[in-house]
Every structure is written in structure tokens, then in C-alpha cells.
Amino acid sequence: LSPMLTSLFAVIAHRSHPAYCDCVTMNKVDTFDSLDEVSSPIAATIRGNVPSWLNGSLIRVSPGKFDMGNFTMNHLLDGFANVQNFVIKDGKVTFSSKFIQSEAYKKACVHYRPIFTEFGTKAYPDPCKNIFGKLMANFIPEATDNTSIGAFCHRDEVFASSETCFLYKIDPITLDTKEKVDYVKAVGVNLATSHPLKDPDSGILYNLGLSYASGPKYHIIQIPPDDLRTNKDKINGLKGAKILATIPSFSHTKYSYYHSFAMSENYIIFMEQPLHVNCLRLATCYPKGKAFKECIEWDSSSKNKFIVIDKATGYQHKIVYQSDEPFFAFHHMNAFENENEIIIDLVAYLDDEILEKLYLTSLRGEEFQLKNRSQLRRYVIPIGESTEKFPLEQNLVHTPGVTAEAYRTGKVIVVKPQIFNVQGVDLPVVNPLYQGKPYRYAYVSGGYDKGEFEYSAVKVDMATGEHKVWKASPHNYIGSMNFISIPGALEEDDGVLLTSCCDVRKDHPDAMIILDAKDMVELARAEVPTNINQAQHGVFVPGK
């Protein structure tokens, strides 16, 4: 790729979003309407009993502003980032929320149009730029910095994340937007997932990124904890980060769209899937008035490829692991090892239809109905030195109780999934103490799709396939969950789940729900007199 194309690719990133930014009175709105800011904490009304041991802050990030004046963004992933905070202390709960003060948000507040290319909405020219600036924007468009997808905590700092190169540090008490952190400056990576994974033993944070120099390449990023610092000063942001491994893309002009990855005790597993981003289209989306969504393409003739990286050395295993059928996944749930096998659990869709269904015209209007509901799947990767050392046409999976299969076919290991009887769900979580380790229980949220698990929070026994369900009313939608262990917990499911419950009825309050993670019974809810939205992801910060 030429230096010009490299520069073009390097600055284009996924998301950013506009909205009507004038002050309005706080009121109850529909689930996919723009949110109001609640800058001063308000007391929630408690129904039930909040566990006395539960103290801390549930900080959640979501797309929160879609409308500005007469302009409306196109896609759910185009909403401006709103950060919400439920502070739990001594059986009481307060709620506050603020919009992240990204450049994308502030410019849209002024111009009532997105100035940066978004997932489903094109960028508009910045009226504040002179003729030269507008001309340069056609060749080197600026990347969006709207961090609307997730939140994570590292080194006692809270970050809002997106799928671009940017993070924003958030004050966990005031929710004020602090400094912007840039993966490009830290490790030369232009895009990174919103789902970094922390090793529960070492405290090292891992992420998956992508760079465009000399063609698209994926990178495994390693960020040390405080206790690995080399000086006496506190390490902030991404300082100390390094590239552990670099993986060439399958093409010099395309790369696989990714939203998450998997991690076991000894391995990082990246899945290259058949949803491809066309770099040439991406480079010209701004001058042609195209959104990011118009730069991606589903290739039903391709299969998913699992790439295994050694966490200790960065070594990329050379064996080609390929799925039997193509599928699309947003979220990996967990991964762990059994002798020489890696077990990977994820939520799979048969194609990329879900991305089309997340346009606001669909969410605000017609009933949400997928032709093919998501599936909870388990894949098993047999580890070896070379493909040739595995026997031909024999099932290579030996983990007890697992019905997933793997076969050597020529120079490729083909993996077939175990499919659990839980469909139409996503946003999976596990007990974070079991991240990358053998585990038994997974928790998933029923989304907008009509079916058995709509309006539901579901606990799945990954050993037996059995599940327990907490179901809200038919007017409620459940957000992502966070698992918090009981102090001194003896069993994996000793804890509670925190989630949101958005009620579309204007005379019914939204709430944070506290569920017993063992039996999926509601313990308490904290109701607030404003719309809280279905946050995509959040982080729980324990109280001090």
C-alpha cells in the first residue's frame, strides 16, 4: 500500500455520533430515544433488599444521543457515548449520567451533523474548516473519538472504549471526561477492540488491534499492571504497553471485522471471520459520502479461521483451524484449556443480518425479528506442533462431556461446534475470577429478538446445557450484566448480577436490577425517573 493509502487507512475508525445537545427537562422516553444528562446524582427508589455487602459503582457506557434538531443518526452504533453510574452504598443507590466530551460529540453539538464517519451514518463537512482544511479532509479524514461501546478498569482507572484507536479516561465519581488516550501513540495500532481481557492471575491486560502500514495486520497488545512498572511513578493509560504478536491479514486490501477475542491461561485466540472490511472503500468513504457499514461485506464462501497465539512468547501456532460453516460473532464468552485442547465459547450468528437489524428505523419501528437467531456455541481447538501429526478423519476432541468435534482434512483442522439450546441471546458474561479458566456458568441477555428468551436474563450450565431464566415483563429490555462475587465466595456462582431493565412504557420507571446469580431470583431493583438505556457494557468498581 502506498504511504498515502496507509495514512488514509490509519486515521479512519469506526464510530462517533451526534445528538441534540441543548439542556432539556428530565423525562421518561422510549428505549431508543436520545438520553438526558443527569449531572447531579439522584436517589433511586429501592424495591426489595440490596445485599449489605454490595458497595461500589456500576459504570456503564452506551450510545445515548441519536437525534439533533431535525437530524437523526442511522444506526444504534452511531449514538454519542453516554456514561452512567449507579453508586451502591449501605443499601441505597444513586444514579447519574453524563455525555463523554469527545471531539465528535462537541462538534456535532455545534453543527447538528456528524463531522466524522460513523458506523451507519456518513460524515458531513466541518463548516469551521477553511478551504484547505476541507480539501485535506478528503484525503486524510480524521478518526472519530466517540467511545460509546464499553468500559473497563485498569490500574485503578476507568476508561470508556470504542473500536477506534481512542479511549477516554472517566472520573469514576463525577463522570467527568478526562484525558484522551491514543493507541496509535502508544503502540502504533489504529484500531482496537472495546473488550480488552485481563488475566486474573497476573493482572496483565490484553487487547486485539489492527494497523494499516504496508497492508492490514492484527496485533496482540499487552499492557502491564502497576506492579510491573519500571519506575516509582504511577503508570497511566497505555504506558508500558507493547506488541506481543503481529498477524498478517488474509488479504493486502481487506481485513476481518472483529469485536472481541478469546483468552485462556496460556493462549490468545483470535478469530478471523468472513465479515470483511474493504480498505479501498474505507479510504474513500469520506469523499464519497459513505458510512463505515458500506465498507464491509459478508463473504459466505469463506470460513472462520481460529488463530492461536502463545501468551508467554507471542508465538503464532502454524496449524490452520477452520470452522465447518461460516458464521459471525460479536462476543466471545470465555476460553479455557483441557490438556492439549482449547475450549472456546461464543455467541454465533449464521451471517451478518444482525448489523442490518440494528438500524434505528428497525429498532424504533418494525418488530425486531431475525431470520436466524443467535446460538450459544462451543468450539474445541486441538493443540499440536503440526497438522501432519494428527490422524486423518478422526475426531480429535477428547474433553469429557463436550460434543464439539475437530477433524484433520488435508492440511487443515476443521472444527464443528457444540450448540447449546439457548438462542436469541448475546452480551455474555462469566465470573471474572474464572476468565480464561475452566468454568461452569455463563450469563447471557435476551435481546430484542422474539423468542423464548426475550426480556430475559439467562444462566446457562455449560456442563449440562440446562438453564435458569429471570424474565422481566414484555415491556422491558435487559442490558448487559456484570457478575460480582460475594466476599469469601466458595462456589463459582456465589454472587449477584447487576443489569439494567428498560421499560418502554412512559409511566413505568427504568431500573438497575440485582439478581442472585445462583438461582436467578430478583433481590432488588433501583428505579430512576429517567431513561437509562440498555448499556452495551459496563464495569463494577468496588467501594473503598
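Placement of Cβ uses the backbone N, Cα and C atoms for every residue, glycine included.
What TrEMBL lists as Fe cation binding site is His195, His259, His331, His537. With a cut-off of 8 Å between CB atoms and residues at least 6 apart in sequence, the same chain places Glu163, Thr193, Ser194, His195, Ala329, Phe330, His331 near His259 (Fe cation binding site), listed in sequence order. In the three-state DSSP reading, His259 (Fe cation binding site) counts as coil.
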Secondary structure of His537 (Fe cation binding site) (DSSP, helix/strand/coil): strand
Protein Cβ atoms within 10 Å of His537 (Fe cation binding site), excluding its own: 22
